[in-house]
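Worksheet: the structure to be examined is printed underneath.
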Ligand SMILES: *Cc1c(COP(=O)(O)O)cnc(C)c1O
């Protein structure tokens, strides 16, 4: 008999009833150090007092009005995002998938209004993840996600990750945009090198096409800058965000330059819930924390502490770990042993990590992780690695 929840998820046999900072707690009181943060969502950890206060205060005032009216918290959050990014304008969604939908629509409508309606094609990369809608799975293009779901949204081309020579050859008179995650998340924590991001921007500029960054996972302070592309000193025309921006409350956004957004006039797109008062009250509180003086400096300090210790762990357990990769607090341990075994051993050691492609386990802790928690996390990982090694 089919379970009452559609069985689309492979769930771990864990169930949490409470969260405190970097910790998750089961009903029997067992505590887990959370290096997953709901897949890079709980950017400020669990039950952050400022987020709890922002949500409960708004919940007592007004939950929802629709976008037929002005929403003060939405305006405030848009202003903050514009102030702290390349963008001139923001549309709010409820998820990364919805942000992908709009990014694709915006790029195509841009060319339509420029009298080049044939420019519909978006060039993306293998190993990407852009969400589970028809546009999202077509954009990522992997057989695992697309097989059996009928005709895909047309107009996507795929290149190998980092294949910039191929990109030059792939751009033609039908190309609308290039779409990529500056650091691939689901694909196994694969950063694009800064010089490649700069080259990519230049290729797009020379071809006159749009560049879309998917910073749903790598954005919102995850790599130690507010947005990952800042490390390379380049900006996109359109950017998708979600995950960390809501700190655990469903919220996403598309940020764009005025030029790229020019075709998105009244009536061209919409959302019932997108940018609702509850989500935006929380989003404002997240933005205020992440952009507060010193916050990202601390993330970078913590990231180098964690990276240094993890480097030692990779050296100590070559039969378990092959490599440490990533940026800031978006880290991947490429495993020699099956990553599912390592994940399981981590659970047994009271540590939450997240699997990814390419036999990687991801470490995406709350950005508020303390120095003591870095030490504790690595000690638990050491425990897990030793257990794996002893079984070999
Ligand atoms: C998670 C993710 C998405 C999809 O976001 P949802 O909120 O699950 O719809 C899109 N792009 C990237 C890079 C992601 O990590």
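Just so you know, glycine gets a Cβ as well, placed from its N, Cα and C.
When 129, 249, 321 are compared with the pyridoxal 5'-phosphate site residues 96, 97, 214, 215, 216, 217, 272 in TrEMBL, the one appearing in that site is 129. Taken in sequence order, the binding-site residues 216, 271, 272 that lie near ligand 1, meaning a CB under 6 Å from one of its atoms, are 216. Ranked by CA distance from residue 132 (N(2)-acetyl-L-ornithine binding site), the binding-site residues 96, 97, 214, 216 have 97 at the top as the closest.
Its Cβ placed at the centre, residue 97 (pyridoxal 5'-phosphate binding site) has 20 other Cβ atoms within 10 Å. Between the binding-site residues 214, 215, the minimum number of other C-beta atoms within 10 Å of a residue's C-beta occurs at 215. Counting in whole angstrom, residue 216 (pyridoxal 5'-phosphate binding site) lies 18 from residue 271 (N(2)-acetyl-L-ornithine binding site) by their C-alpha atoms.
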